[in-house]
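Chemist: As listed in Swiss-Prot for this protein:
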- 26, 27, 117: divalent metal cation binding site (BINDING)
- 20-209: domain 'RNase H type-2' (DOMAIN)
């Protein structure tokens with residue numbers, strides 16, 4: 001099996017087209033039952049690209065932390081979120097796009113081209129964009145965005161676990177693991193659970209149906 005690593009090909013192509021501020025965008029947290037969805041936008045600079053960038057899911061937690069710290073030092077970085085309330089009101093896809101737009105808007109330089117992980121370009125970003133399927137494994141700027149977004153969201157979930165112990169958010173990051181689902185049954189949902197997601201909705205419906 002051929003092992004692929006992200007490279008600078010997509011950034012080079014955009015720069016060759018005349019764009020001058022090319023950034024990578026990725027999000028993390030679409031699937032969890034709890035917590036926000038988090039997006040990051042990163043502008044890397046040739047000659048200052050950290051070694052070992054890759055899809056955040058392929059890296060250990062320690063390696064992600066180390067790379068995130070380096071990325072914040074050598075690159076322009078913006079991190080943004082869409083809240084649980086926004087996820088429930090809009091749906092997870094639209095909330096993810098909202099977080100991406102906020103991340104782009106938060107960069108110190110105004111991007112003129114965005115490389116976005118996935119198969120869909122969010123509407124209304126106000127930037128020229130290109131969607132790249134599996135971009136976090138192919139494009140260095142998107143890989144960097146995936147790392148800082150993952151680290152930022154994991155820290156949020158660790159903080160939330162201090163407020164709501166018992167759900168295992170430090171380790172499961174809000175995903176629907178067996179232990180998390182059991183805790184939902186035993187403890188009930190918190191304000192940080194996504195009511196629009198089926199496992200949480202079903203538990204709330206059960207609670208409502210047995211209430212006097």
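Cβ coordinates come from backbone N, Cα and C, glycine included.
Help me understand the surroundings of these features in the structure.
Modeler: Secondary structure from DSSP puts residue 26 (divalent metal cation binding site) in a beta strand.
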Chemist: DSSP three-state call for residue 117 (divalent metal cation binding site): helix, strand or coil?
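Modeler: The three-state answer is strand.
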Chemist: Please list, in sequence order, the residues in the chain of residue 117 (divalent metal cation binding site) that are at least six apart in sequence and whose C-beta is under 8 Å away from its C-beta.
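Modeler: Within the chain, residue 117 (divalent metal cation binding site) has Cβ neighbours under 8 Å at 24, 25, 26, 27, 131, 132, 134, 135, 136, 139, 142, 145, 146.
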